[in-house]
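Trainee: The structure that follows is given in the form of structure tokens.
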Amino acid sequence: MLLDENPRRAVINISKPIILATFVESIYSIVDTIWVSKLGTLALSAIGASFPLLILLYAISWGLGIGVSSAISRRIGAKREEEIKEVIGTSVVLGLLFSILLFIVSLFLSDIYSLMGIYGEVKKLSISYIAPILKFSIIFIFFDIVLGILRGMGESKKVMKVSVIGSFLNIILDPIFIYTLNLGIAGAAYATLISLIIGALSVKSSVKLHLRFNFKIAKDLLRVSLPTTFIDLSTAVIFFFLTSLVSKVSGNYGLAIYTASLRVTDLGFIPIIGLASGATSVIGAYYGAKDIKRLKEAYFFSIKLGLAMEALIVVLLIILSPYLALLFTFENSNIYKDLVFYIKIASLYLLFMPPFFISTSLYQGIGEGEKAFFLSLLRNFLRVIFPYLLAINLFFIFIGLILGELVSSLISFILSLLALKFIEKRVL
């Protein structure tokens, strides 16, 4: 199906349902934070303190999902569909191994939060939220494997189905688990786990997970998934330092604002991830078919579409910031004015993300994840060095994030232009 379409149409058709699905997921993320914010400022700070560990989990599960998607789409493009079962079985084995590692991490949460400078009630709340998520990380990992399989096969509508079911169910279960069952912040974690299980089961007739290990395919999967994992893992490290920096510079008050404003900007961040995910599948199929002309067209169109989409989202976030801030101030009206301001500031970094994310999709699509990892290391280095250099107050920390995003995207785009010329010569 991918090979029969115009590149622009292929990108839109594959990405549209994924973008819609990830947009719904971002709504869930915000609603999740809204319900938690009703527990007070400390609970909201605890969610922010958990960002680095959540990103660690997402790094592993999303990385494996991208690896599966790239491997399947390249095999479809090269007319080697008989290897798809081997890809699925091997990804399940790798997922089990990664979940064991995350379970081990969950045993050292107290020490990890102490290293971050998180103590007292915020530390206690953070552990009660993140512990069940890490202990049952296999649910997250299998969920992303299922999505990766569907994306790789071009079944983006089923990706949307799984994500929408999981997200809406989570929105419904959150208040029940947090308040009705009186589980507090831990209830948000349990609601998420149950929602993911039901979402994945909604396509059980289309995706059959099984155990089967092929060393050669595992190497291929890890070549894409491990760099992708390390991309997000390096982001987790960055948020580890940034969370510590915000906590030291602005205390729990600043951490609550930082948490809420970033959750709002997720509305713009997650859709570009959806577009990049769709671009990976399209680029992978064209690369497998050695159709470099359509590969290049898909790449440049994805960047243009991403820039237009992010510009619109930033305008909407700025206009709606007074209303969005109200969602997080049920019992924290003292942070409202500052939160409105920082939502406007934080949204600006979204303008510079498309060239970076589509460039990493290029490398992931052609199976060269290590080059995507290099771009991410550069990006994250810049995203941490600028905030630290400008860490006078919370405002300049956000300015540092924006500058890091701008510089890294420009460098990524230039390097990708050079890479496209090299790919064309290699294939021809």
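Glycine is no exception: its Cβ is also placed from the backbone N, Cα and C atoms.
Remember, TrEMBL labels are computer predictions, not curated facts.
Heads up, here are the entries from TrEMBL:
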TRANSMEM  18-36  transmembrane segment
TRANSMEM  42-66  transmembrane segment
TRANSMEM  87-109  transmembrane segment
TRANSMEM  129-150  transmembrane segment
TRANSMEM  162-179  transmembrane segment
TRANSMEM  185-203  transmembrane segment
TRANSMEM  224-247  transmembrane segment
TRANSMEM  267-287  transmembrane segment
TRANSMEM  299-319  transmembrane segment
TRANSMEM  339-360  transmembrane segment
TRANSMEM  381-400  transmembrane segment
TRANSMEM  406-423  transmembrane segment
Trainee: Should anything in the same chain at least six residues away from the transmembrane segment (267-287) have a Cβ under 8 Å from its Cβ atoms, list it; otherwise answer none.
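Mentor: Long-range Cβ neighbours of the transmembrane segment (267-287): 2-3, 7, 10-11, 14-16, 18-23, 25-27, 29-30, 66, 69-70, 73-74, 76-77, 151-152, 154, 156, 294-295, 298-299, 302, 305-306, 309-310, 313-314, 317, 347, 350, 353-354, 357-358, 360-362, 364-367, 423.
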Trainee: Taking 185-203, 224-247, 381-400 as candidates, which has the most Cβ pairs under 8 Å with the transmembrane segment (339-360)?
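Mentor: It is 381-400 that shares the most Cβ pairs under 8 Å with the transmembrane segment (339-360).
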Trainee: What stretch, picked from 18-36, 129-150, 162-179, 185-203, 381-400, has the most CB pairs under 8 A with the transmembrane segment (224-247)?
Mentor: 381-400
Trainee: Against which stretches of its own chain does the transmembrane segment (129-150) lie, if we need a Cβ under 8 Å and a gap of at least six residues from its ends?
Mentor: 46-47, 50, 53-54, 57-58, 60-62, 64-69, 72, 88, 91-92, 95-96, 98-99, 102-103, 105-106, 109, 156, 158-159, 162-163, 166, 185-186, 188-190, 192-193, 196-197, 199-200, 203, 206-207, 209
Trainee: What same-chain residues lie close to the transmembrane segment (87-109): Cβ under 8 Å, and 6 or more beyond its ends?
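Mentor: Contacts with the transmembrane segment (87-109): 53, 56-57, 60-61, 64, 67-68, 71-72, 75, 126-127, 130-131, 134-135, 137-138, 141-142, 145, 148-149, 207-214, 217-218, 221-222, 225.
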Trainee: Can you name the far-off residues of the same chain, 6+ from the ends of the transmembrane segment (185-203), with a Cβ under 8 Å from a Cβ of it?
Mentor: 32, 35-36, 39, 43, 46-47, 125, 128-133, 136, 139-140, 142-143, 146, 150, 158, 161-163, 165-167, 169-170, 173-174, 176-179
